[in-house]
């Protein structure tokens with residue numbers, strides 16, 4: 001059993017209200033069903049699933065071999081605003097009995113429907129933990145208000161995009177309870193292959209229809225502007241009639257205004273028109289084949305801007321219902337769809353095109369992440385939510401714990417040579433530091449990290465330091481969201497695809513943050529060093545290798561594949577020396593400690609290194625410091641090597657200035673003071689006049705990697721938690 005606070009199965013209640021949310025919840029339900037050792041699944045069906053006019057879609061849940069524990073008729077017919085409110089009230093009346101009987105540990109709620117609001121309200125008031133799927137997104141209607149209200153009620157959050165994650169954090173939700181998983185439906189979309197898709201197309205659109213020669217239309221009422229949305233639907237149907245292509249029209253959802261939309265369809269004879277097929281529901285497996293092979297999709301459904309991008313099918317998004325959604329290049333927005341001609345022009349522009357597939361909303365691996373997240377939920381944790389508010393002026397009252405304890409972080413620095421662990425205070429003071437040689441194997445390294453952290457945590461208690469979390473700085477490419485080292489440099493062996501967060505979190509029972517050493521150096525400068533208060537700056541860290549970090553608008557830049565700010569691997573020569581990354585001519589191949597050691601050995605082997613006043617003991621390896629000492633004592637060859645190294649670093653800085661235009665460049669690490677004047681000379685000689693005013697300084701921080709690792713913990717906890 002994975003951690004959930006006790007030794008029994010986690011009882012999960014999945015409540016589904018309509019055909020759309022079932023398409024997102026079904027992959028999770030299938031995943032839960034495959035792990036009976038961990039989970040018990042109860043399925044509650046309500047809303048439009050149970051209405052004949054909307055296809056009695058509860059049947060597809062039964063066809064998927066799920067046992068429906070409870071059916072709740074909660075829809076008050078009328079399809080107007082009052083009916084929606086009454087439906088919420090009816091659900092609130094019926095749900096308590098169901099939840100009292102089922103006694104779930106957690107309820108999974110999806111999206112932004114009024115039914116989901118009733119579910120979340122009931123569960124929250126009955127002290128049942130809530131996992132909200134697809135929180136943090138922005139559309140453009142009352143759905144936004146409902147979605148964000150559910151976010152406030154939910155205890156845990158699964159979001160689909162980085163922007164949604166940032167919205168949740170901005171809404172003061174606890175970052176530890178947010179999972180960026182991607183959309184569950186993408187697990188199915190990206191694996192959907194059906195060689196017999198033409199039989200599906202013919203079944204729904206007729207035997208004479210060809211692939212990419214039909215349209216799928218799905219339009220819903222906009223409850224905040226019903227009259228305008230009805231008019232827009234009428235214009236859409238007129239444009240489709242004029243466009244004269246076979247069209248599959250799905251009936252709208254049950255929101256206020258849907259009855260009027262159906263009247264418009266019948267008034268225009270859509271159900272009997274030879275070019276139209278009007279249907280209440282299409283099973284999701286078949287629906288994705290229909291949109292994947294359509295010439296175009298038109299309407300205002302979230303499906304158009306979210307799921308259809310996985311196939312590159314052209315989409316025409318009408319009106320403002322999805323105005324805030326992130327979309328791929330396959331989506332053409334017609335926000336003011338106020339004339340038939342405008343919609344018709346959009347059809348002519350989009351129909352038949354093929355766009356690149358878009359994975360904005362998922363990579364096909366959401367469900368495994370969600371199941372892992374569910375298993376990690378500790379039922380012994382307090383049920384009451386905590387909100388993480390931005391810093392505010394503290395109360396003048398005092399807290400005895402704050403007086404007696406020093407709020408601190410455990411910081412870990414995994415370098416090419418040494419492994420260091422430190423207790424770092426909120427003010428950036430290193431209270432205690434431990435150093436060991438970095439082992440060569442994965443098993444020895446993980447074991448030593450855990451041992452050193454446990455010892456440091458025990459020492460922190462004696463020193464009256466309250467450890468708030470663990471921050472880890474490591475060489476290589478890091479996914480900070482998952483706490484995984486994706487790919488390391490050659491300096492740290494057996495360090496690819498390494499999950500650092502899980503073993504430390506499980507051992508220490510503390511939150512764990514992980515990032516690249518260059519990024520940590522930049523974060524250290526932002527919190528404790530010369531970057532404090534600077535909006536845009538770049539840090540270059542010189543050590544065994546060369547790393548860096550970029551702060552833009554006060555935020556650290558990670559890049560789309562967590563590869564931003566690999567500044568040591570900027571190429572400054574087409575025929576330069578080989579680099580540890582596998583390329584050649586990189587800054588690191590010239591200016592790193594490794595590069596200087598390489599050149600020092602060459603000089604020493606040729607008896608050209610030592611000058612009067614210096615010696616190297618036989619048992620001491622020749623290194624960069626010997627080269628620097630020789631240069632200081634007048635060794636011209638050593639001086640030339642240092643000048644070449646500094647010039648390479650300077651050229652890299654010039655490239656950064658021309659790309660990022662920062663106001664400040666901070667050189668950090670043991671070699672920074674030896675390079676600073678050369679770098680400034682190169683900027684004067686090579687940089688354009690518009691960027692020459694940049695400040696280039698040497699860091700005054702002694703341990704930037706440790707301080708940066710600590711800052712990940714301390715920055716998070718400076719937000720007041722209530």
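Easy rule for this one: first residue shown is 1, then count along the chain.
Quick reminder: no glycine exception, Cβ is built from N, Cα and C everywhere.
Residue 301 (UDP binding site) is surrounded by 25 other CB atoms, counting those within 10 A of its CB over all protein chains shown. Residues annotated as UDP binding site in Swiss-Prot: 19, 23, 113, 220, 253, 282, 301, 302, 307, 321.
Its Cβ taken as reference, residue 281 (CMP-N-acetyl-beta-neuraminate binding site) is surrounded by 18 other Cβ atoms within 10 Å in the chains shown. If you look up Swiss-Prot, you'll see 259, 271, 280, 281 marked as CMP-N-acetyl-beta-neuraminate binding site.
As annotated by Swiss-Prot, region 'N-acetylmannosamine kinase' applies to 406-722, with the evidence given as similarity to another entry.
According to Swiss-Prot, the Mg(2+) binding site annotation covers 413. Over all protein chains present, the Cβ of residue 413 (Mg(2+) binding site) has 27 other Cβ atoms lying within 10 Å.
For 416, 476, 477, 489, 516, 517, 545, 569, 588, the entry in Swiss-Prot reads N-acyl-D-mannosamine 6-phosphate binding site. Sequence-distant contacts of residue 416 (N-acyl-D-mannosamine 6-phosphate binding site), defined as residues of its own chain at least six apart whose C-beta falls under 8 angstroms from its C-beta, comprise 438, 475, 489, 491, 492, 543, 544, 545.
The ADP binding site feature in Swiss-Prot is assigned to 417, 418, 420. Applying an 8 A CB threshold to same-chain residues 6+ apart, the list for residue 420 (ADP binding site) reads 412, 413, 433, 434, 435, 436, 703, 705, 706.
The annotation N-acyl-D-mannosamine binding site is assigned in Swiss-Prot to 476, 477, 489, 516, 517, 566, 569, 588. In the shown protein chains, 23 other C-beta atoms lie within 10 A of the C-beta of residue 489 (N-acyl-D-mannosamine binding site).
The feature active site is assigned by Swiss-Prot to 517, with similarity to another entry given as support. In the three-state DSSP scheme, residue 517 (N-acyl-D-mannosamine binding site) falls into the helix class.
Sequence annotations record features per position, and here Swiss-Prot assigns Zn(2+) binding site to 569, 579, 581, 586. Remark: residue 569 (N-acyl-D-mannosamine binding site) has 579, 581, 583, 586, 587, 588 as non-local neighbours, by Cβ distance under 8 Å and separation of at least 6 in sequence.
The Zn(2+) site is defined by 569, 579, 581, 586, and by the 8 Å test on Cβ atoms against their centroid, the other residues of the chain that qualify are 566, 568, 571, 580, 582, 583, 584, 587, 588, 589. Per-residue confidence over the region 'N-acetylmannosamine kinase' (406-722) averages out at a pLDDT of 91.
Taking residue 19 (UDP binding site) as the reference point, the binding-site residues whose C-alpha atoms are within 10 Å of its C-alpha, out of 259, 281, 417, 517, 566, are 281. Within 8 Å of the Cβ centroid of the N-acyl-D-mannosamine site, not counting the listed residues 476, 477, 489, 516, 517, 566, 569, 588, the chain contributes 475, 518, 545, 547, 568, 581.
DSSP gives residue 569 (N-acyl-D-mannosamine binding site) a helix state. Listed in sequence order, the binding-site residues near residue 516 (N-acyl-D-mannosamine 6-phosphate binding site) (C-alpha within 10 Å of its C-alpha) are 476, out of 253, 259, 307, 417, 418, 476. Summary of the N-acyl-D-mannosamine 6-phosphate site environment: with the site residues 416, 476, 477, 489, 516, 517, 545, 569, 588 set aside, the chain residues having Cβ atoms within 8 Å of the Cβ mean position are 475, 488, 491, 518, 547, 566, 568.
In sequence order, 53, 54, 55, 250, 251 constitute the residues six or more apart from residue 280 (CMP-N-acetyl-beta-neuraminate binding site) in its chain with CB-CB distances below 8 Å.
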